[in-house]
Each structure stands twice: as C-alpha cells, then as structure tokens.
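First comes the structure, then the notes that go with it.
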Amino acid sequence: MKENELKNEKSVDVLSFKQLESQKIVLPQDLFRSSFTWFCYEIYKSLAFPIWMLLWLPLSVWWKLSNNCIYPLIVSLLVLFLGPIFVLVICGLSRKRSLSKQLIQFCKEVTENTPSSDPHDWEVVAANLNSYLYENKAWNTRYFFFNAMGCQEAFRTTLLEPFSLKKDEAAKVKSFKDSVPYIEEALGVYFREVEKQWKLFNTEKSWSPVGLEDVQLPKDIHRSKLTWFLKRIFTIYSLPLWLAFLNCICVSQHFCLAFRILCPGLFFLMMVWLFQNMRTTALLVKMEHKMQFLLTIINEQESGANGWDEIARKMNRYLFEKKAWKNEEFFFEGIDCEWFFSHFFYRLLSAKKSMWLLPLNVELWPYIKEAQLSRNEESLMKK
C-alpha cells in the first residue's frame with residue numbers, strides 16, 4: 001500500500017512539474033505589446049539596420065560639400081524610401097538562411113515534442129528553438145519566433161511542403177542533404193499526430209447540425225448571384241477598395257474610350273478575385289474548420305447537386321455558429337461549395353510547388369482524396 005501511495009505521489013509530482021513547466025513557456029507574444037513592436041525590435045537588432053543608418057553619414061557630408069542640392073536630395077529620398085525595403089528583404093533572407101542551417105535541430109524538436117496541427121502544441125517547439133538559435137549564435141535575439149503559429153508556419157513552408165513535393169529520393173537528398181532521415185522521422189511523427197486528431201475529431205469533436213430545415217441557401221433568398229456578391233462586398237471593410245475603384249474611374253476619364261472601359265473592368269475583376277479568396281481566411285485558417293468541411297463531404301449521403309446543396313447548407317450553419325463568418329451565407333449554393341472544394345482542396349493534390357498565401361494542406365491529402373472519392377461513388381451509385 002505504501003509503495004503504491006509513493007508511486008501515486010511521484011506520478012502526481014511529475015504531472016504537477018510538467019504542468020508548471022508548460023506554464024513557464026514564455027514566447028515573444030508574452031513580452032511584446034504586439035507583433036509589430038516585436039518586428040520593429042527584430043529589425044533594429046538586424047545587421048541591415050545599422051548599414052542603412054550608416055549610409056546617412058556620407059550623404060550628410062555630400063549635402064555639406066555639394067553646391068547643387070538636387071542630386072543629394074534625390075539620393076537621400078531614394079535611401080529614405082528604398083532603404084526600409086532593403087532592410088526588410090535582408091532580414092527576411094537572413095531568417096530563412098538561419099533556419100535552413102538548423103533543420104536537423106528543428107526536426108529533433110518536432111520528434112521529441114510530437115506537435116499536431118493544433119497551434120498550442122507548437123509552443124514548446126517555438127520556445128526551445130528560440131533559445132537554441134540564440135545560444136548557438138544562429139540568431140542575434142532570443143525572439144526568432146513570435147508565437148507558436150509562426151513556428152508552425154515555418155515548419156510548413158520550410159519542411160512539410162518542400163519535402164512532400166519531392167517525388168524521388170534523389171531530389172530529397174539533393175535539396176536537404178544530411179537532414180533527410182531527420183525530416184522523415186519528424187514528418188512521420190507529425191502525420192501520426194494529425195491522424196490521431198482526425199480520428200478524435202471524427203468520433204468526439206465532430207459538429208452535429210441542428211435545425212437545418214430553417215437554413216436557406218443564398219440562392220433561395222437573393223435574386224441572383226450578382227446581388228449576393230454585391231451585398232457582401234458593399235461593407236465597411238471593402239470601403240478602401242471601393243474608393244480606389246471610384247478613383248480609377250475618375251482618372252480613366254482623361255484617357256481614350258478603350259482605357260476608360262478596360263481599367264475599371266480589370267479593377268472590378270480584381271475585386272471579384274479578392275472576394276473569392278477572402279473566404280479562405282474563414283475556412284482555411286483553422287484546421288478544425290478544414291476537418292469539419294471534409295467530414296461533412298465524406299458523411300453526406302445525398303448525391304449529385306442535392307448533396308452539394310446539403311453540404312453548403314451545413315457548412316453555412318457551422319461557420320456561423322463557430323463565428324468564422326458573420327452570417328449563414330458563406331456558400332451561395334452547392335455548385336459554389338463544390339467549386340470551393342475543388343479549387344482550394346482537391347487541386348492541391350497535383351501541386352508541384354508551394355503556393356503563395358495558400359497552404360497545400362499536405363497533412364490532409366489522404367482525407368481530401370477520401371472526400372473526393374466519396375462524392376464520385378455517390379454519383380456512380382445514383383447512375
């Protein structure tokens with residue numbers, strides 16, 4: 001009995017120690033007022049910033065010795081406005097270079113701490129890497145990653161996507177050299193954790209729709225897709241875009257007829273494109289939303305266009321309840337929902353390189369294939 005009590009006390013001590021240890025995790029987001037102040041601090045501590053400041057010394061001498069102030073003024077303006085761009089580019093390249101030299105350590109941290117797709121799981125990895133990079137003089141501050149999401153994003157862009165897109169072993173060795181076995185082990189750990197998360201989500205965390213009979217699709221409410229679209233873009237958030245659009249119309253009045261038609265037309269098409277991609281911030285940022293979308297597709301019994309209408313109706317309610325969207329009009333209809341799945345999920349399976357501002361969702365590829373297969377099977381069964 002006493003031995004059992006001692007074991008229980010030890011286990012409690014270990015648990016309490018782990019809880020205290022997790023509470024001690026301090027990231028830059030806990031120290032700085034915002035990501036902007038952290039970013040300014042990182043810029044200030046970079047090598048590029050003092051170089052930019054030193055450029056003003058010869059300019060000051062030139063101003064003093066020159067009889068003609070026009071040329072010094074032009075150069076000063078160039079340094080003033082192009083200098084910050086130079087500093088930002090150099091800092092970005094330095095961060096990328098520093099992290100690329102520490103891929104093995106990055107992989108070891110992932111393997112040891114077994115993070116899943118939940119950003120909170122990456123806090124320990126981010127904190128450990130911040131300390132490691134500073135102590136080993138790979139970075140000049142203790143604040144390489146601002147938060148856990150920054151660390152997770154670095155894992156996605158530096159390891160997960162580039163490595164997964166390499167189809168053969170030779171290409172992997174050529175790009176990642178000695179890091180290949182460490183990356184394979186880290187990705188294996190990560191994929192297993194995501195699989196656990198998927199199974200848990202499928203059995204316990206999956207959202208169940210209630211009162212769907214009251215949910216109408218926007219196609220049943222609005223006269224046309226154009227009126228639905230215009231209603232959504234006429235908001236306070238899109239006011240700067242509309243002001244720019246009106247300015248474009250006013251400026252184009254001074255040019256020929258073709259330009260007056262072409263310029264506002266292209267600007268409006270750009271706004272449509274921005275609107276289509278704006279929805280990705282609601283559905284594609286959180287992993288739980290993406291998993292729910294795929295589960296809804298897989299579990300939908302109705303086939304064809306009616307099936308996609310049901311999926312759209314369920315997701316409209318889900319995103320509204322989760323406060324990811326301001327109303328129940330995320331998808332206009334089933335066709336719009338099918339297009340969204342095809343464009344932002346299924347087509348990524350054939351991607352050959354990383355996409356700008358759009359994750360490839362490599363960890364969800366098996367479930368995306370399952371979702372597509374379930375829709376194809378439903379269509380075949382109907383035929």
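Numbers here mean position along the shown chain, with the first residue as 1.
Glycine is treated like the rest: Cβ placed from N, Cα and C.
Taken from Swiss-Prot, the feature topological domain 'Cytoplasmic' applies to 1-42, 94-232, 276-383, supported by sequence analysis. According to Swiss-Prot, the feature topological domain 'Extracellular' maps to 64-72, an assignment based on sequence analysis. Look at Swiss-Prot and you will find 43-63, 73-93, 233-253, 255-275 tagged as transmembrane segment.
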Next item on the list: Over the topological domain 'Cytoplasmic' (1-42), work out the mean pLDDT and round it to an integer.
Entry: 62
Next item on the list: State the residues, same chain only, that lie 6 or more residues beyond the ends of the transmembrane segment (73-93) and have a CB under 8 A from a CB inside it; answer 'none' if no residue qualifies.
Entry: 42-43, 46-49, 52, 55-56, 59, 62-63
Note to self: From the DSSP assignment alone, can you count helix, strand and coil residues within the topological domain 'Cytoplasmic' (276-383)?
What the structure shows: 75 helix, 2 strand, 31 coil
Margin query: Treating G and I as helix alongside H, and B as strand alongside E, what does DSSP give for the topological domain 'Cytoplasmic' (94-232) in helix, strand and coil?
Written below: 104 helix, 0 strand, 35 coil
